[in-house]
């Protein structure tokens, strides 16, 4: 019997085709996974870019409507004044010759109040506001009326805390407050060419502390545009003394004079005094504070002695 010759082992029919199908399938599987990873990288990059943009946006407190910065935080201004036409708001009130605005405008100076004085008076605000504070982002302390934000309401701190006030504030605190008020009053009188003796402190004059906490009541919504003469009536000249620094202590929170086509903004700086006539010629608002805490004091003056208030005293 002749020996049988064995050939090479037979490969099952269709096995190479199966391998080709598996290889093709593997490639097909790999492609979606690679595409997925590519898209994930793109999405991650996009999210990262958006986050960085938001952080940068927040850090500088950009406002689309602001066209010009008239006083930057880093500047030390001896005095800058911009004259604007007076509105008709003053015509609806009793006029006082030599005082009621006939020259209108806005000014900024960094040499009237020192940074040391600003730090000292800020400590007065911090002591008073430590007794309460709004549930929302804006708290006020009025040493004249005693109004203090507490939760969603206001209390009279002199009645509420009674004799304990003597342990919180000092005579030196109130003397500093009076000295600063007088310096600001003289600055306004000189800028507008009127006699300081014709100006009377008026209400409300108050400390403000603003942070990024969500508003809880209408009193916390400080960012709406308004006209002081319309809102308060008694105001003829408004001033703000800033007690903290933009972009160091807080972001956002710049002061914006609203003008058609070209808004003007003031960047707060501790010791900076911003002042202006209170009519519609100086429609304004404050940007929302995005982070940190912004301190300031609003000091308002009237030409009407009937609307005047006395300096606060520690009794």
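Cβ atoms here come from the backbone N, Cα and C positions, even for glycine.
What you see is a predicted model, and the numbers here were worked out from it, not measured in a lab.
Summarising the annotation, Swiss-Prot assigns compositional bias 'Basic and acidic residues' to 18-31.
The feature transmembrane segment is assigned by Swiss-Prot to 42-62, with sequence analysis given as support.
As annotated by Swiss-Prot, domain 'Fe2OG dioxygenase' applies to 203-305.
According to Swiss-Prot, the N-linked glycosylation site annotation covers 211 (among others). Take the CB of residue 211 (N-linked glycosylation site) and look out to 10 A: across all protein chains shown you find 18 other CB atoms.
Positions annotated as N-linked glycosylation site by Swiss-Prot, on the basis of sequence analysis: 263 (among others). Residue 263 (N-linked glycosylation site): 20 other CB atoms within 10 A of its CB, across all protein chains.
Of all the Cβ atoms in the protein chains shown, 27 others lie within 10 Å of the Cβ of residue 294 (active site). Taken from Swiss-Prot, the feature active site covers 294, and the record attributes it to sequence analysis.
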Residue 263 (N-linked glycosylation site) to residue 211 (N-linked glycosylation site): how many Å between their Cα atoms?
23
As a quick check of your reading of DSSP, tell me how many residues in the domain 'Fe2OG dioxygenase' (203-305) are helical, how many are strand and how many are coil.
12 helix, 47 strand, 44 coil
